[in-house]
Amino acid sequence: MSAPSTDTGRRGTSPAAGAALSWLRDPLNRLIGAVCLLGAVLATAVVLWFPEPHGVLRSHHIDGWWLLPALIVLTGVAEMTVVKLRHGEAEEELSLYEAAIIIDVLLLPASHALAAAALGLVIASALRRRPLLKSVFNLGTYTAAVSVLVAVVHVVAGSPGSVTWRVVAGVLLGTSFFTVVNLGCLAQVLARVNGVPAWQIFRSEVRLSAYMAIGTVATGLTTAVIGLNAPVLLPFMAMPALAVTYAYRAAAQEADERARSACLLRLSQALAERDDVVRQFLLLVREAFDADVAVVVLHDAQVALTVDERNPKDVTTGPPPQHLASLRGIERAELLSEDLPPQLRRLLVVPMEAGDRRFGIVALAIRQGRRARLSTRDLTVLAPLVNALAAAMRGAEHLDRLVAETSKLQAIAEQSTEGIFMVDGDGAVQMWSRAFAELTEISAERAAGRPLAELLDVPDPVERAALLPVTADRPKAAVEVTIRRPDGEPRRLRLAHSAIFSEDILVRDVVVVRDLTREHRTDRLKSDFIATVSHELRTPLTPIIGYLDLLKTRGERMTPQKRTECLTLMADRAAHLSRLVEDLLMASRVDDADEDLALHVSVGAHDLTAIVRQVVDDLDSPRVTVALPDHAVPTRCDAERTLQVVSNLVGNALKYSPETEPVRVAMRLDGERVHVEVADHGRGIPADQLQKVFEKFHRVEDPMTMSTSGTGLGLFIARRLAQAMGGEITVDSTLNVGSVFTLTLRCGDAPAMNAESELSVVKR
């Protein structure tokens, strides 16, 4: 029970008033005060209502002045025969006090019965040195309950002088009311102490209280009748009293066992968890064994964790106590009662071991002044619990290491540039790395628990059947498959399987995935390049060789005009061949990752309008329409390279659009940037190839069936040149509608622009 508060009160009040206010702030103190007030009111009412000078039963054998003192002593002795019944952190005391009260009520007048009950209780409390607050509560509770008992017995039984059925009925009914009042007050206090609803405590204790009431009536009524009629037989009433006491002890032991069993059940649940297992063990094991102190000494940390009954919810940490430090090497569980610190009466010590690992010791202690509860039986119960704690700590260590290793592996899988996934024996996904999620565009959340065959879209049925090629005889295997991502882009993957089997049954399969799309595409591009270059080089060579043969065999007979036409055509085809070779040489020098192409350009301020008009004039195609400014547009660029880039864009637009469709060339200014847009109405470019058209040797058409010429280097070189000049080329396209290629360059300074120099370079 909580002690009264020591606050002296608010400013402006006397010390006594302040102490009273402080005492009343505690809800438990207010409850005790209310119980005492109830007892005083009921006792006053009984004294005033039943002023008769004699008791319910009378006899010349037990009449005289000595009867009241004798019954006061008897009541005090009955209260001294205490059996403690635990209620969590609180205790209920069972005694023969109720039987003595029935004797008082039957043999004494109402006022004397109340006095005997109160004085006997006060004497017993003083001799047992009970805390003041508890003594006050007991006095108030029993005064209220005894007042009800006296009133009911006197109302029902009257004063017949001998035992009648009304006397028996009055005692039974009065004892029932006494039990209800007593148990109700006790339940209210226990509810405040333990934080349990009062009705729950009342319901759990009402059965035991009913049995106690029956024993109380039997013992008290029988003793009173024997004292009235045959006092010589009173010593023999010690046997029923002892029987009732032993019954109380059995009930208390049963209640303790129930409480311990419930506590041990919670303890087993706590050991099954990982969080704060030592702290939970200490709190519960101290409660289960009703120890004053519970200590766990951890050898590795050289620290002791302690729970004290004075603060039963707090676990303190500090250095191991000296008397426990000397017991660190104890080999088996021991119950000690000698060579202990003066404040301790009993000490139970159990080594904490699991396998070959010793974690420390667990100790329970009982202080001096308390009846020792620890026994060898407790030793046999505690030892397996300590072993379970050690096993739980060892398991927690293994689990921590496993979690750490798993985290490392998970981090490796997440940071790996290659995809990693794992499936179980049914082919359901258990792990899906971030790299593989990015590769497939399928998130780990979507993949978790789903069959691999449902997740990956493998168009080829043969490859689809080989997604899980492992067997017990061949647990490691590598296959290549082509998947189709949700956006329609194909990906070529190499799946390296490493499976684990148990008795020919697949347990799990860990697969490392390598993206072979670039290599696969490069191989295809090489093949396409050979076919393309063979075709492109043969195209200008064929007329050159043909006209050379014609000039060699028939040149003397040809007219000068005809020879000039042949030579002009040969020169044109040779220039075409030279451009092809130049593109190939440039492509061989410029790798996809090369950013140093600026070495091949000479950037200055040039009129972009003049450059674009020069391109249009050179192509001389009626299909080209322009929307250009009437004034010069100074631009930071290499004039010759810009001419090459724009020529490539306009030439491609003419090449890849029908001859009946126009090609529009426009220019627009946007702050510090100038844009040249080339729009056609051709076949368009698929969305998955919009960026690939800028890759080396890439052709949207199949080189074996293509209807247009080209090496697949034009856009690659054009974008590199634009980037080298600080610009960029972008594309927007819609299938069967057309494409718009945009060259973006930086604006230049008009004063620095040399138009004549630029024109000379352009016309060169």
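Don't overthink the numbers, they just go from 1 along the chain as shown.
Backbone N, Cα and C atoms are what each Cβ position is placed from, and that goes for glycine too.
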Pick from 208-226, 284-302, 379-397: which range does TrEMBL record as transmembrane segment?
208-226
Thinking of Cβ pairs under 8 Å, which stretch from 31-50, 101-124, 136-157, 163-187, 208-226 has the most of them with the transmembrane segment (62-81)?
101-124
Give me the stretch from 101-124, 136-157, 163-187 with the greatest number of Cβ pairs under 8 Å to the transmembrane segment (31-50).
136-157
Mean pLDDT for the domain 'PAS' (405-461), rounded to an integer?
84
Provide the three-state DSSP residue tally for the domain 'PAS' (405-461): helix first, then strand, then coil.
27 helix, 12 strand, 18 coil
